[in-house]
Every structure is written in structure tokens, then in C-alpha cells.
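For 7-67, the entry in TrEMBL reads domain 'HTH tetR-type'. For 30-49, the entry in TrEMBL reads DNA-binding region.
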Amino acid sequence: MATEKGERRRGLLAAAAAELLAEGGFEAIRHRAVAERADVPLAATTYYFGTLDDLVIAGAEHLGRTELDEARASLDAARPHDDPSEVVLDMLLGARSRTDGLDAVLRRFERLVGAGRRPYLAPLMRDQRTELDALLAQALRRAGHTPDAKELRRIVALIDGAVVSALIEADADPRRIAREALVDALSR
């Protein structure tokens, strides 16, 4: 049975790994970097996480949970007159894409695409995607749209494609490009 101190330290390490992941991608998660960020001894990383992959999973889970909490908060804070496309974009691109623009979107998409090179993350990514889809469907229903699962996937694919195109073209505002695509899709 884990002690309270052990759970707290494990949580600090997961949070530190999540911060590094958000800032620098998967390559930023290293035992030493995580220990320094969490302000714990280096040995704590291998004590609480058997492998670097375990530490990556913990960081990805923590970051994903934080993003889902932010998506839920965005949905809860939305008022009836708010633009539903902004809530959906916050969920898919992150609220930081409003202020940090290109860098925030690029870091997020690099992480999402990079997860594909780490098959051990697939179960976590699927579970979190299911939660995100439920939140997206709820946001769209509030806006008067009732997408089934297939339509929801199409909307997400449209946004993802618009963002990737904007990134390829070095557009400084991928959120604007995504918004235009989403508004067009929802107006049909």
C-alpha cells in the first residue's frame, strides 16, 4: 500500500512530466529533467516509475486529464450567447491557442502525432479521446447540432486537417483557419 508521502511524490513527478511534455514534447521527459522540475532526488523517478515509458505515461495521463478538466470548465462556463465554435476549438486546440497562437497549437499537435510513435500510449489516448468526444458532442448539442459518432469524427478530422494545413503553410493563426472550417461545416 502506498503511503501519503509516496502518492504525493508520485503526483509531483507526474505533474512535472506533464509540464515538460507540454513545453517540449516527449523528448523533454527525462528522469533528470523530471526530478529537477519536481524538486525531488533523481532516484525518486526510478523508484516510483519502473521505466521511462512509465514516466511518459504518467505525464501524458496527467496532461490529458488537465486538458479534459479545462475542456469541461470551458463547457461549463459557456453562456447561451457564446460562440459554440470557440468552445469546440478550446477543446480541440486548447484554450492556450487563444493567446499563445501558433506555438500552443504546434506543441499540442506535435504531442498528439508523437503519441503514435509510442504504442504503449494508445490505450490512454483512446480513453481520453472517448471523454473528449463526449464533451464535444455536448458542446455541439448546446449549439443546436446533434452529431452522431460518425459526424463527430468528421468534424474533428476537418479541424485536425485544417490545423495541419495551417501548420504546413506556417500560418501564424491556425486557430483562425480551424474556426473558418468549423463555422462552414456547422452552417451546412
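Placed from the backbone N, Cα and C atoms, the Cβ positions cover glycine too.
Helix, strand and coil counts under DSSP for the DNA-binding region (30-49) come to 14 helix, 0 strand, 6 coil. Below 8 angstroms of C-beta separation, residues 6, 9-10, 12-13, 15-17, 19-20, 55, 58-59 of the same chain, each at least six residues beyond the ends of the DNA-binding region (30-49), sit close to that stretch. Across the domain 'HTH tetR-type' (7-67), the model assigns an average pLDDT of 97.
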